[in-house]
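To start, the structure under review is shown below, and the notes come after it.
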Amino acid sequence: MRTTSGIRIQLTVKESQGWCRWVSGFHRTVQFGPRCRMRWCPSSVLHLLRCVWSRYCTRRGKSRLPLWIRESWAYILLLVRSLCFNSLTDSDVVFDSVFEPVFWTVDYVTRWFGKVFVCLVVVLTSSILAIVYLILLPMVIDTYSPAWIAWHLTYGHWNLVMIVFHYYKSAKTPPGCPPTVKNDSPFVAVCKKCIMPKPARTHHCGICNRCILKMDHHCPWLNNCVGHFNHRYFFSFCLVMAMGCVYCSISGRYLFLDAYNAIERFKHLDMDKHGIPVTGMGPLIGLLPPGQTHYQTPAPHYTFKEKFINKCIIYMWVLTSTTAVFLGALTFWHAVLISRGETSIEKHINSKETKRLAKRGRAYKNPFDYGRLNNWKVFLGVEKRSHWVTRVLLPSGHLPLCDGLTWDTLPFKKDMMPV
């Protein structure tokens, strides 16, 4: 189409159709005669102007904006629209998408600090052992009766062996991963990050960057995930470590009080000045030898060794008491979860499912809850009575009863309910 000014305007199909509609409407409204006059159709005019202006602005934008800016803007719009692309999107999806850089940073820092936390556990535990063997044990042998000495030696070394064994096994034992090759194992979903089938009770760990069988959580103090094959080692370590801290805290409470009072007494002795100037008639009456102007106070009534021993006892008691409180609470929480037949992750999932089904008037039943006693038997791998001693009270490296891929039946006990 060419106008009177010589500017050529190219119209699209829709614009040409609109132009034709406007022209036809214009002819219908224009009537020649003495009684009628020309009448304009405003909708057709606005439609024509809108089409021409949009076409002109589009050409100007394409000619001015670089290609990479338009591509970046299109990508940003796609990301924004992907947050609400269907009806399944909720606040959790939006929150995870917005805070994904924060989660990635936390995962990276936790992965890097894992070895530091392991070294910290080893150093703190070794320091307590050094204080016990070098300071407390000689005092126990000199003051306690033979029966109490035998009790402390027996229980203390049993607790130490259990702590070392279970910590090493929980840190070095792989938690278990689903097979990466094709197999006939049943699965309930496909991991969005691994793009691999996930069996029941399997979850993806962002720190380890892999799927974990029966995942409970990622423990930075172990630098390892707590999963199907090392969950028992982790709980046993928490239990015996809490018991050892409680044992040290109760056994050393009187030593702590004595050491604290001694340190306070030493502080008061240190406040005395070692040299007091003598002025006035003192030098004339012979209070000091010739040439000496200060009176020297006597040496303190304690040695550096005594002060160091008391500080070590205070350090041991404070550290073990604090650890006993926090680790005891964590152990109790995991014991409650084991009694219910669920992990830390499944606790949140089951809570959501319970609320969701409650709105529909239905009750949710955990499919992996076999009863309180049976849950402990499955968790500890107890198949007969003697296993309570050989597999629970003594260090044992036996494998779990299930393979972590299937959770259908429990073949070793008839009174257990299948899934």
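Cβ atoms are placed via backbone N, Cα and C, with glycine included.
On a predicted model such as this, the values are computed, not experimentally measured, just so you know.
Feature list (source: TrEMBL):
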- 112-136: transmembrane segment (TRANSMEM)
- 148-168: transmembrane segment (TRANSMEM)
- 190-348: domain 'Palmitoyltransferase DHHC' (DOMAIN)
- 233-256: transmembrane segment (TRANSMEM)
- 314-336: transmembrane segment (TRANSMEM)
Within-chain partners of the transmembrane segment (112-136) [C-beta distance under 8 Å, separation at least 6 from its ends]:
156, 160, 163, 167, 171, 220-224, 248, 252, 255, 309, 312-313, 315-316, 319-320
Determine which residues of the chain contact the transmembrane segment (148-168) at the Cβ level, with the cut-off under 8 Å and only residues 6 or more beyond its ends counted.
121, 125, 129, 132, 140-141, 222, 233-234, 236-237, 240-241, 243-244, 247, 251, 395
So what's the average pLDDT for the domain 'Palmitoyltransferase DHHC' (190-348)?
84
Would you mind listing the long-range same-chain contacts of the transmembrane segment (233-256), meaning Cβ under 8 Å and 6+ residues beyond its ends?
128, 132, 136, 139, 152, 155-156, 159-160, 162-163, 166-167, 169-170, 173, 216, 219, 222, 226, 313-314, 316-317, 320-321, 323-324, 327-328, 330-331, 334-335, 338, 379
